[in-house]
């Protein structure tokens, strides 16, 4: 997107478009699985702290990450198969700023009802089920905090809140886009900008600003700036 904006490039080849579809869905699905693994890590750390090192060993974490990569590859392969099965024989102008299945469905020279159902059952189901699983896991974590001390609850909430914010910001737009029939709205491109650009930009801020070390470093930097301004 940055290259296209700088070069004022508005054309993309069919093969490049298919690569874009694959990589977009691969990394998006990988992020979903990583968010689920992070929720599992939070659950074990908060609810079973004495067994954390045993349960979340390096071998287990490596296996879970490998499983996430394989799952993302399977999902994106299914998406690219749907895209390659579409016949394109008419208009070639995509009403979007990147290649995705929904704008491509509008260019296909065939009935796309079944393809859209497959899209919803794949991307839509992954988004919705993953979001429900994540929210349910955090309900369990928050319920278990009743048995913790006030300090323990504060630390656990500080750890979980940033993750919950990221989950809501990421899954909200994705569910809106991928769980409905093949209809488009004027706001779709703006929502796509939010979850493809906005959320990744917010992630570092959300995670780092919840970190005590980062907050202390920012306070020290701010104090040094105030002191230097006073000396001037």
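Yeah, the Cβs are placed from backbone N, Cα and C, and that goes for glycine too.
Listed ranges 60-78, 79-97; the one TrEMBL annotates as transmembrane segment is 60-78.
When Cβ-Cβ distances below 8 Å are used as the criterion, the transmembrane segment (60-78) is approached by residues 21-23, 25-27, 29-30, 33-34, 37, 40, 122-123, 126 of the same chain, each at least six residues removed from its ends.
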